[in-house]
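Annotated in TrEMBL:
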- H194: active site, proton acceptor (ACT_SITE)
- C202, C205, C224, C227: Zn(2+) binding site (BINDING)
- 169-185: compositional bias 'Low complexity' (COMPBIAS)
- 381-393: compositional bias 'Pro residues' (COMPBIAS)
- 20-356: domain 'Deacetylase sirtuin-type' (DOMAIN)
- 146-185: region 'Disordered' (REGION)
- 356-401: region 'Disordered' (REGION)
Amino acid sequence: SSPGAGPSRPTRSFGEVEETYHIHDSLVEVVRAIRGAKRIVVVSGAGVSTAARIPDFRSAEALPAAGKKKEPSVRDLFHVKSLSEDDLLPAHHKLLNSLYDLSDEASPTPYHSFLSSLDRSGQLLRCYTQNIDGLEEKAGLEVGLPRPLDRSSYKRKRTPARGVLPRNLSLPSTPQSQSLSSSSTPYPRVIPLHGLLATVKCTFCPYTAPFSQVYPLPSYHLSCPACSHHSNQRSALSQRKRSEGILRPDVVLYGEEHPQGHLIGKVVERDLKGLGGKDEKEGKVDMLIVAGTSLSIPGVKRMVKEMSRVLGERSGLRRVFINDDAPAHPKEWEGMFNVWVKGDIQHFVTDYLANPAFGSEPPTPPKTPRKRSTKVSDTPAPTPSAPSTPPLPSSYHTPRP
């Protein structure tokens, strides 16, 4: 059975409860705040996909070629060095083949379906996902990055091919300028912070193709067909041979910068400042939900902290952290969230957020608080829930606002 989920009042430090109160009413407060928000930004981690049998790093050790004795760890296999070291490449490809299998077979979880419902109701401003499984797209959400008005230039003519090469392959030059689409253009609702496993790309030219066309990845490097075609043309013309790229999954690995990080930065700025048009269901973020992540990736940490600071200047419950465990470094997150919903995200969605019966009943009269300051863990719910609502969670923690 899934663990319970529940919040508590603001406290002095992450997970430290200052006083007792009625947990049911606090859950109602959180649920009503989320339901009443107009422009929600969600930051998702691996924990939101484990219910779809897609492992996070802790459980990925059980996958083929990962974490076995005398074999590299999952983190090593997700490092950019695995592309250049011959002893790591076979295991790297084998791990990605396993993840592709799991992602291809997986169905959206209740959490992903809830995101889709937020989008349909016009409440979802943006979802920034750290996952590469593509479940958001399966749930009906638009996933991607803003398209530049012009493609970036290359020093020579290269092949902007996608998928299978055409018979008459042209090698047009591209403009030298690159700018983002205007602020009036809707951005994708879901921004993949670490790329998507569904696509492979060339390390040298703009060629991309579906992962399914090269699946399963072999134990060696795959040559880029566009680069090979161009090289063959040059050889036929007795021209000097040029460099050729290899194909790799279009995901961001440890030890490398996101090749389109500037585009993500523009989206974050747009959401923080409300630069999007109201007719496109865009504006300034008024609610932040962080779910299923330990907040250990530097770029993600910076983004969440910036959004938390902006929302912290406004009154009300606007910053919610939902996860079984506290962040990787709890002290640096003190004051960054109004509430920590400690428990399983799927349970919280199905039994509370997506349950129309929950939160519709009048709140319980407040009790006189009892002064204390203790760490609370696995605390029994003080009262049973009403018949129209699911059972109350068995444990809760919160940080201070």
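Placement of Cβ uses the backbone N, Cα and C atoms for every residue, glycine included.
On the structure: features taken from TrEMBL.
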{"residue": "H194", "record": "active site, proton acceptor", "DSSP class": "coil"}
{"residue": "C202", "record": "Zn(2+) binding site", "DSSP class": "strand"}
{"residue": "C224", "record": "Zn(2+) binding site", "DSSP class": "coil"}
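This prediction places the mean pLDDT of the domain 'Deacetylase sirtuin-type' (20-356) at 87.
The two recorded residues, C227 (Zn(2+) binding site) and H194 (active site, proton acceptor), have Cα atoms 25 Å apart. Looking only at other Cβ atoms within 10 Å, the busiest spot among the binding-site residues C205, C224 turns out to be C224. Counting only the Cα atoms, the space from H194 (active site, proton acceptor) to C202 (Zn(2+) binding site) is about 17 angstrom. Around C202 (Zn(2+) binding site), the same-chain residues at least 6 positions away in sequence with a Cβ under 8 Å from its Cβ are T208, C224, A226, C227, G245, I246, L247. Cβ-based neighbour count (10 Å, all protein chains) for C227 (Zn(2+) binding site) stands at 22. Counting every protein chain shown, the Cβ of H194 (active site, proton acceptor) has 19 other Cβ atoms within 10 Å.
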